[in-house]
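What Swiss-Prot records for this protein:
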BINDING   16, 17, 18, 37, 58, 151, 180, 181, 182, 183, 184  NAD(+) binding site
BINDING   144, 188, 205  substrate binding site
ACT_SITE  147  active site, proton acceptor
């Protein structure tokens, strides 16, 4: 018996990193997983796993989200993972950077939740998990201005949805990781003027001496997706190795 037997889970950003690790972990626990991503080629890597279906999806496109919703009869868990990390202070953030980050990190979750929540309400049960960060209202982080602003908004969105629909059987939580060793992080490191120093800087701020793995975050995802967390809603779950202390 798996911890997620019979559950239908839809998630975004499933092609790599936390989204991919979570999709695999969900499937191993018996869930039917519909993993989406804008990168169709990378997404194909998940098709070899039992219990995982894939769909190409741009989470900033309302019409694509609505089309996906019509293809799915039931949804037990919605996991919003897609996000973008902008590097810089407010002075480095142009209006286009601000708009793009907010569109990907916040508006996409608004669109996904607003589209799939009615199905959950009709079922009188549902579970929403949003990806936030400790770089948010939890902790001020250098050169993460618009990113942190967007992730603070995700915490607010999470708590609002949880409060509004708790009596209708809906749970909503968010996950707030610290620095997670993912392909996205490695790409950002390589894009810095001195990648070797950038990596050292990331490691230096980790009180545990290492970065979190995507698989460790996926363990928390499984818990929140399962009935073990049936009494848990409206919370920002920190998994940062003590970085925010």
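Please read every residue number as a count from 1 along the shown chain.
Backbone N, Cα and C define each Cβ position, glycine as well.
With respect to their backbone Cα atoms, residue 144 (substrate binding site) and residue 180 (NAD(+) binding site) stand 15 Å from each other. Secondary structure at residue 16 (NAD(+) binding site), as computed by DSSP, is coil.
Of all the binding-site residues listed (18, 180), 18 sits in the most crowded Cβ setting, with the most other Cβ atoms within 10 Å. Residue 147 (active site, proton acceptor) sits 14 Å from residue 188 (substrate binding site), taking the C-alpha atoms as the reference points. Comparing residue 18 (NAD(+) binding site) with residue 188 (substrate binding site), their Cα atoms are 16 Å apart once rounded. The two recorded residues, residue 182 (NAD(+) binding site) and residue 188 (substrate binding site), show a Cα separation of 10 Å.
Taking the Cα atom of each, residue 184 (NAD(+) binding site) and residue 205 (substrate binding site) are about 18 angstrom apart. For the recorded substrate site, residues 144, 188, 205 set the reference point as the centre of their Cβ atoms, and the other residues of that chain within 8 Å of it by Cβ are 85, 87, 135, 141, 142, 143, 179, 202.
The least crowded of the recorded positions 16, 58, 147, 182, 205, judged by other CB atoms within 10 A of its own CB, is 205. Taking only the Cα positions, the spacing between residue 16 (NAD(+) binding site) and residue 205 (substrate binding site) is 24 angstrom. In this view, residue 184 (NAD(+) binding site) is surrounded by 17 other Cβ atoms within 10 Å of its Cβ, with every protein chain counted. Taking only the Cα positions, the spacing between residue 58 (NAD(+) binding site) and residue 205 (substrate binding site) is 33 angstrom.
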